[in-house]
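Each remark here refers to the structure printed beneath this line.
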Amino acid sequence: MAIRINTATFQSDLYRSFAFPQPKPLRSPKFAMASTIGSATTKVESTKKPFTPPREVHQQVLHSMPPQKIEIFKSMEGWAENNILVHLKPVEKCWQAQDFLPDPASDGFMEQVEELRARAKEIPDDYFVVLVGDMITEEALPTYQTMLNTLDGVRDETGATLLLGLVWTRAWTAEENRHGDLLHQYLYLSGRVDMRQIQKTIQYLIGSGMDPRTENSPYLGFIYTSFQERATFISHGNTARHAKEHGDVKLAQMCGIIAADEKRHETAYTKIVEKLFEIDPDGTVLAFADMMRKKISMPAHLMYDGRDDNLFENFSAVAQRLGVYTAKDYADILEFLVGRWKVADLTGLSGEGRKAQDYVCGLAPRIRRLEERNSARAKESVNVPFSWIFDREVKL
């Protein structure tokens, strides 16, 4: 899930693409911005078509990975069976949404729903804004599987390929699908939110796709998913903590069980990148620096409800204020991945590789310093209406 920091506290280009972009009209003219290591300047186009919201789309480089590197991923097939598929659970051992929700076939269904709604009444609107944003992000799952299938060397050419890496992609999608199911059904039963506006937002988001700037490269793609899965783990873990603080232990269990899934998935994706560092350290550190220079733009950054052109920014600002996902978390994830992949210990790199190594190893402290400076200049927050909660206002 993608969240940005409060725009009142962060005004830097450093966060423009990841979850903390500056609020600006999405119908702005084209503008140029820096892109990748060794690449030319790219542009961002603002488009408006009948079935999609106003949006910014980068003119991406396509198929940037040298074709010969596809062999690296073919060689990892046997390794994936013992190191990646182990992070999936058999379907019969997986939790399902119904395990946590009132049973519509039971005589006590209505009483169970009333109990759920009574607990939900004690939870403030700003929490529901964040929970809805998390759920909408989870519900755009078709986009995420599509994104993985754009990656050269690891795409599912038939839709049912039995190569182990592609078995992972489909099974990962199936596990993730339960997350949106659970949160969607909970929110429907809670009576606290405008389900039609939420469902419109989901349709807009899936129709808009996503713009991760991964260039069909599995190097970039798996670095992206490693970052994203850890971000989602942190976010769901914090919504679980907040639900417990508001007295809803059952909702806390729902968010917590989703966070546990995200942690397993994070482990798998970080192991893939760890293997790439072992096989091709120079190419992998260049890819890591590339993604961090472009900033990780998370899946829901094209979120729209038919009304608010800055919906994602506003949702993210609420999450930042509540401490569900913050600029500090962004820096912490980067620092975690640098350590997990032992980037500082890499040797035998090219000149460009050493520059990339220095860049990623020094970036987290720079982000924290920038956060401290901008927090000191923080302006007073404003209240903004959210259609998801019947246009009630929430402080950003």
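Numbering starts at 1 and runs along the chain as it is shown here.
For all residues, glycine too, the Cβ spot is worked out from N, Cα and C.
According to Swiss-Prot, the protein carries these features:
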BINDING   E138, E176, H179, E262  Fe cation 1 binding site
BINDING   E176, E229, E262, H265  Fe cation 2 binding site
TRANSIT   1-33  transit peptide
Cβ-centroid neighbourhood (8 Å) of the Fe cation 2 site, E176, E229, E262, H265 excluded: W172, E175, Q228, T232, F233, D261, K263, R264, E266
Output field, Fe cation 1 shell: CB within 8 Å of site CB centroid, site E138, E176, H179, E262 dropped: L141, E175, N177, R178, G180, T232, H236, I258, D261
CB neighbours within 10 A of H179 (Fe cation 1 binding site), counting all protein chains shown, number 25
Which of the binding-site residues E138, E176, H179, E262 has its Cα nearest to the Cα of E229 (Fe cation 2 binding site)? E262
Between H265 (Fe cation 2 binding site) and E176 (Fe cation 1 binding site), find the distance joining the two CA atoms and give it rounded to the nearest Å. 9
Using a 10 Å cut-off, grab the number of neighbouring Cβ atoms around the Cβ of E138 (Fe cation 1 binding site), all chains included. 26
